[in-house]
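Student: Quick one: the structure is below, and I'll ask about it shortly.
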């Protein structure tokens, strides 16, 4: 992986991944899904999830699974708004980069 | 390392953050291991590195969360200006490599050692700013300097404040101790009062019954007074027990909270 992922992009990716599940999803699965796109360490995501939760972009709830309580993360309305801002920024940004790269032979 | 010893060490490394945060983090990793399955346990432990690394990542996020304001960023016509990403951001991929043992000074030192690290830290916090290595290095050097001069200012201020500070602190301390002493002695007084009243009441009732046989009127009077004393004694007893049950735990908890707040604040500054 050549390009490093900034914090904002990581937040956006996490929000996008979680938003794809209507009922929310759990830490391990989130990490696996994010890793399909970018290489993150397993220890990277917890602070991100925690921060998004504190910023009210994600909400948590516990549900029983296999005899224990599993914590699920779900996008909030504010989280969706934030995600849309990120998506718009990303479109802008990536198109500018693409434009620069297109001119190269 | 086994998962159990990993988690145990992580727990003790996180003892300096709030209980709620610590338990949330520990629960997250317990769940993570459980969801991954036993066969993945070793791989995960290998990839997490050491409990120290994991703890550092959690603590840094905790500290920056304590300091940052509420507004994450605003959407302006020049693009999304992130008010927080300029300040405290880490290179997420290499974060675990960058964490060195002496990061207690500025958390930025650990992040900016890698020259590949491009994007995030820009002076005006706008994250669509261009990659400019000079910009990046100068802001890197400014931060540690600012931190050091802040520390010196604080030290000088503390030294200058000693002549006034020490008597003030001593007085506050003495007042606190005397307040505690007053509360305690009131409690003891109430107890003593209730016991005394109760005892006196019993004696009076007994004496009254005895006198009944010789001087009936006197006997009845004494018995009555004794019953009143008994009643008052029971009343005061109930009051003092309630005081002990409610005030004392609240008091002790208040002192512990106050002390732990001081300890925590010290940890965050350093």
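The backbone N, Cα and C atoms fix where each Cβ goes, and this holds for glycine too.
TrEMBL labels come from automatic prediction, so no person has curated them.
Sharing the feature lines straight out of TrEMBL:
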DOMAIN    A:14-83  domain 'Transcription regulator PadR N-terminal'
Student: Could you give me the DSSP helix, strand and coil counts for the domain 'Transcription regulator PadR N-terminal' (A:14-83)?
Tutor: 34 helix, 18 strand, 18 coil
Student: Between 0 and 100, where does the mean pLDDT of the domain 'Transcription regulator PadR N-terminal' (A:14-83) sit?
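Tutor: Overall, the domain 'Transcription regulator PadR N-terminal' (A:14-83) comes to a mean pLDDT of 92.
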